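Engineer: Before I ask anything, here is the structure I am working with.
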Amino acid sequence: MRVNVFMQIGFVSAESGQGRAKNVRNILLKNSVNIMLCAICWWAVGYAFAYGKTAGGLLGISHFFSDGETFDSKPWFFTWTFCLSAVTIASGCLAERTHLFVYPVYTAVVSIVVHPVVAHWVWGKDSWLNSRVGSPCRFLDFAGGAVVHIVGGLTGLIGAILCGPRMGRFEDGVQKDIPGHDVSSVSLGSLMLWFGWFGFNCGSTYIYMSDGGPAASSAVSRVALNMTLCASAAGMTSLVLASLLSGGSAGTFDLGVCCNGLMAGLSASTANVGFITPWASCITGTLAGLLYVASSRLLVRLGIDDPLDSSAIHCGSGLLGVVISGFLARPSYVRSMVDKNCGGLVYGMNGGTQLGMQLLGKYCRISGRNGFGGKRGGRVMTLWGGLRRWVKSDPWGSYVVRRLLVTIAWTALWSILAFSTLKRFQLLRVDQQTELAGIDNMEHGGPAYPEFLQRVQSSRTGF
């Protein structure tokens, strides 16, 4: 479990390296504030909402302030690192132009309202998703592809859109790169995150297989292998593809793209790493690398400034990993983890039903009471035709779809509410003078590298 916390060092290192030298103190401080406040919120309320005794399948209502918690099946410390990761992911999207006050606000919202509720729906045995759907399958999210990465990535994306791009990022319809100040920190941070991810995914195996034994040990080894292959395939794919797109055989090989592609593969693996085989992990990683490069370029085309590409890395890859389970989840692995006789579409064991669960669950963590089953020959129809017939013929289905429309927007709703309120009171973005001079110089008592500033000043005065 301690390895999970090491991921925060990787996040901070990667984000500070991607930022400019004039904002490093701000980046370091805001991440420290996020960690401390998230711990308090998760202890007081978040853990209870996520893993307490359910109230109508919507959220937990026990173990506030850890009262009566035995810390057996869902350790507080381990689950806190999941919530913390979602919070940290969003911070990268907002770097270099937002007030420090923004981070405690959205940290509290994500730690109390957004992540805990989604975690309860996806992982709670008595949640409305897992107890009411009436399906032989359940929504699969091994270690937080939806609960962590979609929540964090979407929160950050909405914040970046409402905050607007950094000054100089887009001028006269032309995008201009704003390189970070330390590529070595980016590379080291990415490798530290990779190391920490083993605790994230491998540790989650023991949540599913709490009895331990040889079966659990074998599953942990498989999870570690799958995660390594997925990350490697994604990093290599993104590196080569970006090079080809930058100029064919004469293109450059971008270390930053390689690091981000690596993390995209890790994010995708989080959703399905315990349910798929090694060859399926290679496919997932390759697709994650392709999707990251495409998503990153799409954000630029749309004029959205995400300094770390956090939304492209985490939200896009989280979605991909969730969907891949619907195609490639191996039935024996699903059965050993969640005790459901389901598998991906390629295996034919309730494959259409499982894929339908994944496609709906990635948005709202909900499916229909009667499922989307059918005989093997009609599996494909369950993705759309079955859903349409179900909604028309089943009054409960119509009710669930109405709930679906509300639940789809859960993360987006709270993110829009938080960031738009801050923007309304002019608390979201720093003023132009502060952004140009650097947040460190205006709000934190000076730069993180005073020697560097002294050398610049000396070169300007000729001394």
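Including glycine, each Cβ sits where the backbone N, Cα and C put it.
Below, the features straight out of TrEMBL:
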- 5-362: domain 'Ammonium transporter AmtB-like' (DOMAIN)
- 32-50: transmembrane segment (TRANSMEM)
- 76-94: transmembrane segment (TRANSMEM)
- 101-123: transmembrane segment (TRANSMEM)
- 143-164: transmembrane segment (TRANSMEM)
- 185-208: transmembrane segment (TRANSMEM)
- 223-245: transmembrane segment (TRANSMEM)
- 276-300: transmembrane segment (TRANSMEM)
- 312-329: transmembrane segment (TRANSMEM)
- 400-419: transmembrane segment (TRANSMEM)
Engineer: Mark yes when the transmembrane segment (76-94) and the transmembrane segment (185-208) have three or more Cβ pairs under 8 Å (sequence separation 6 or more) and no when they do not.
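Structural biologist: Yes, since the transmembrane segment (185-208) and the transmembrane segment (76-94) share at least 3 Cβ pairs closer than 8 Å, they count as touching.
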Engineer: Which sequence positions outside the transmembrane segment (276-300), separated from its termini by at least 6 residues, show Cβ-Cβ distances below 8 Å to it?
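Structural biologist: Non-local partners: 175, 222, 225-227, 229-238, 241-242, 245, 257, 260-261, 264-265, 267-269, 306, 309, 311-313, 316-317, 320-321, 324-325, 328-330, 333, 344.
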Engineer: Which sequence-distant residues neighbour the transmembrane segment (32-50)? Criterion: at least 6 residues beyond either end, Cβ under 8 Å.
Structural biologist: 8, 59-66, 69, 76, 79-80, 83-84, 87-88, 91, 100, 103-104, 107-108, 111-113, 115-117, 119-120, 123-124
Engineer: When you scan the chain for residues with a C-beta under 8 Å from the transmembrane segment (101-123), skipping those not six or more beyond its ends, what do you find?
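Structural biologist: The answer is 30, 33-34, 37-38, 41-42, 45-51, 54, 57-60, 79, 82-83, 86-87, 90-91, 94, 129, 139, 141, 146-148, 151-152, 155, 159, 361, 365-366, 407, 410-411, 414-415, 417-419, 422, 427-428.
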